[in-house]
Amino acid sequence: MNDSQSSSLSSSSSYDSAIGPAQAICVGLQNVVGSHSSSQGISPSVSRHWRDVFWLLIFMAHLIVVGFALGVFGLNRFKQPDRLNIDKYTMGFLENKDGLTEDFWPLYAVAGGVGAVLGWTWLLLLGSRANQMMKFSVHILTTYLAVVSVLCFWAEQFFWGVAFAIGAALQFLYVISVIDRLPFTMLVLQRAVKMVWNLPEVTRVACIFMLVMLLWLALWSFGAAGVVALGIGDGGRWWLLVVLSVSLFWTGAVLCNVVHVVVSGMVFLVLIHGSREATSMPPKPVMSSLQYAVTTSFGSICYGSLFTAAIRTLRWEIRGLRSKIGSNECLLCCVDFLFHLVEFLVRWFNKYAYVQIAVYGKSFNHSAKDAWELFQSTGVEALIAYDCSGAVIFMGTVLGGLISGTCAAVWTRIKHPDRVVMVGCTAMLMGMILVGLAMVVVESAVTSIYICYAEDPSLINRWDAAFFAQISEKLHQRLQHRSARAREVLNHRIDDQIQEAVLA
């Protein structure tokens with residue numbers, strides 16, 4: 001902790017008895033962010049330049065190549081086998097089977113339909129049942145993974161049975177490790193839902209992008225169905241499906257993060273101007289955010305979408321494991337190495353970058369670095385590390401994907417029992433992307449709230465004073481907890497050095 005942080009925190013401690021920890025934290029944060037706000041400002045009225053253009057070109061080229069390949073694979077087995085004579089290149093050294101694209105395309109249509117219904121249901125019930133749905137996702141996901149594992153063993157798919165069993169175990173261990181954080185997490189999510197529910201235009205944006213995703217999924221599933229029907233044996237089909245799935249994941253992540261940027265820009269404006277109806281609000285703010293997201297900032301979104309999700313998931317698991325290791329120094333040393341490696345990556349790839357992209361139009365790495373330095377300089381990073389809202393939303397997304405994949409897999413089991421896992425896994429990814437497009441609106445609101453709280457705590461106080469008091473109190477507790485742990489580690493090292501000196 002640097003000098004400015006120390007002075008700010010000591011100042012807040014001296015005020016505790018008179019004005020309470022919430023106000024004290026506000027004073028400390030305002031002292032720390034004063035220089036940041038004065039140098040950069042939090043007004044979103046900045047000039048926009050094209051950022052990360054290289055990644056924009058890569059993404060568009062990838063869409064063209066993959067789209068062409070999907071059309072070829074789908075048409076090759078549409079209505080007649082080997083229409084384009086692809087099988088002649090594999091005949092003789094790979095297993096060949098008969099199958100048509102239309103045999104498997106309806107199976108993917110089931111997954112797309114179920115995923116879209118789940119996503120739209122989430123948006124429809126956002127204002128009244130969001131809290132219950134998120135709690136349900138957290139508690140039911142472990143059971144669902146375990147049930148799928150049992151079904152895989154029953155179907156003699158031992159590899160997938162073990163994989164889902166490991167997933168269920170990791171999910172159970174993670175929930176146990178963060179069970180004490182869930183009340184605060186649900187508090188943050190409730191306020192984020194409150195914000196989004198009062199901005200119906202952002203839910204309409206999510207619905208529009210779900211329709212865009214469904215159009216791309218129609219082409220993607222057409223090509224994937226052609227691959228599943230392709231006469232090149234299971235090994236060749238799996239490799240092609242993995243490549244297509246990576247492409248779909250990137251495309252879905254890009255669309256999700258476009259929605260993220262649009263929602264973040266709108267939420268940030270509402271918090272700055274006090275309300276959606278404020279006279280100082282710029283005209284058509286959602287359209288302006290959308291315009292920036294799909295033009296000047298689109299390259300940054302494409303770049304960040306490649307890496308952010310994987311790094312975030314790894315960070316959640318390592319944090320949960322690290323908090324439950326105890327006194328096993330060897331294991332703690334290994335996990336600490338991984339933890340610091342992931343923390344370094346998080347500095348350059350984090351979801352809070354999308355708020356900076358929406359508001360200031362920066363490049364992705366610049367945005368991620370500035371956001372993380374802002375959190376560390378103000379101490380808000382301690383609060384973010386404690387919050388599990390991203391993990392809870394991810395659990396809901398995975399559950400939606402599992403339900404979609406299960407529906408497609410059940411029908412595949414009836415029609416084509418030898419292709420159950422192949423269709424089920426890819427259908428699960430389709431469902432996850434569609435549900436994720438609906439749930440990202442809440443995650444965007446969470447990230448914007450934290451950025452605003454770090455930039456200027458009074459914005460949150462003006463928006464919701466009760467929530468401001470609760471979040472400031474929790475920040476006060478987390479900073480005290482970190483200080484206590486730092487003193488404990490320091491005392492332990494001093495004791496070790498004294499013992500070494502005595503023995504020497």
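Glycine too: its Cβ is placed from the backbone N, Cα and C atoms.
Tertiary proximity for the transmembrane segment (53-75) is limited to same-chain residues at least six positions away from its ends with a CB under 8 Å from its CB atoms, namely 83-84, 86, 101, 105, 219-220, 222-227, 230, 240, 244, 247, 250-251, 254, 298-300, 302-303, 306. Among the features that TrEMBL reports, transmembrane segment is placed at 53-75 (among others).
According to TrEMBL, the feature transmembrane segment maps to 105-126 (among others). Note on the transmembrane segment (105-126): residues 74, 133, 193, 196-197, 203, 206-207, 210, 214, 217-218, 221-222, 224-225, 396, 400-401, 403-405, 407-408, 411-412, 415, 423, 426-428, 430-435, 437-439, 441-442 of its chain, located 6 or more positions outside it, place their CB under 8 angstroms from a CB of the stretch.
Annotation source TrEMBL lists transmembrane segment at 138-156 (among others).
Positions annotated as transmembrane segment by TrEMBL: 162-184 (among others).
Marked as transmembrane segment by TrEMBL: 205-232 (among others). Within its own chain, the transmembrane segment (205-232) has Cβ neighbours under 8 Å at 67, 69-78, 81-82, 86-87, 90, 94-105, 107-109, 111-112, 116, 119-120, 123, 240-241, 244, 248, 251-252, 255-256, 258-259, 262-263, 286, 290, 419, 422-423, 426, 430, 433-434, 437-438, 440-441, counting only residues six or more beyond its boundaries.
Residues annotated as transmembrane segment in TrEMBL: 238-271 (among others).
According to TrEMBL, the feature transmembrane segment maps to 292-311 (among others).
For 391-411 (among others), the entry in TrEMBL reads transmembrane segment. Sequence-distant contacts of the transmembrane segment (391-411), counting only residues of its own chain at least 6 positions beyond either end whose CB sits under 8 Å from a CB of the stretch, comprise 107-108, 110-112, 114-115, 118-119, 122, 133-134, 137-138, 140-141, 144-145, 148, 171, 174, 178, 182, 185-186, 189, 313, 316, 420-421, 423-425, 427-436, 439-440, 442-443.
The transmembrane segment feature in TrEMBL is assigned to 420-442 (among others). Panel annotation: around the transmembrane segment (420-442), residues 104, 107-108, 110-112, 114-116, 118-120, 122-123, 126, 130, 152, 155, 157, 160, 189, 192-193, 196, 202-203, 206, 209-210, 213-214, 217, 220-221, 224, 228, 234, 237-238, 241, 244-245, 248-249, 252, 255-257, 259-260, 263, 393, 396-398, 400-409, 412-413 of the same chain, lying at least six beyond its termini, place a Cβ under 8 Å from a Cβ of the stretch.
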Query: List, by number or range, the same-chain residues at least 6 past the transmembrane segment (138-156) whose CB is under 8 A from its CB atoms?
result: 162-165, 167-168, 171-172, 175, 182, 392, 395, 398-399, 402, 406, 413, 420-421
- prompt: When you scan the chain for residues with a C-beta under 8 Å from the transmembrane segment (238-271), skipping those not six or more beyond its ends, what do you find?
  reply: 44, 59, 62-63, 66, 69-70, 73, 195-196, 199, 201-202, 205-206, 209, 212-213, 216-217, 220, 223-224, 227-228, 230, 232, 281-282, 285-286, 288-290, 292-294, 297-298, 301-302, 304-306, 308-309, 351, 354-355, 357-359, 422, 425-426, 429-430, 432-433, 436-437, 440-441, 443-445, 447-449, 451-452, 459-460, 463
Field: Contact set, same chain, for the transmembrane segment (292-311): CB under 8 Å, 6 or more residues outside the stretch
entry: 48-59, 250, 253-254, 256-258, 261-262, 265, 342, 345-346, 349-351, 353-354, 357-358, 361-365, 367-368
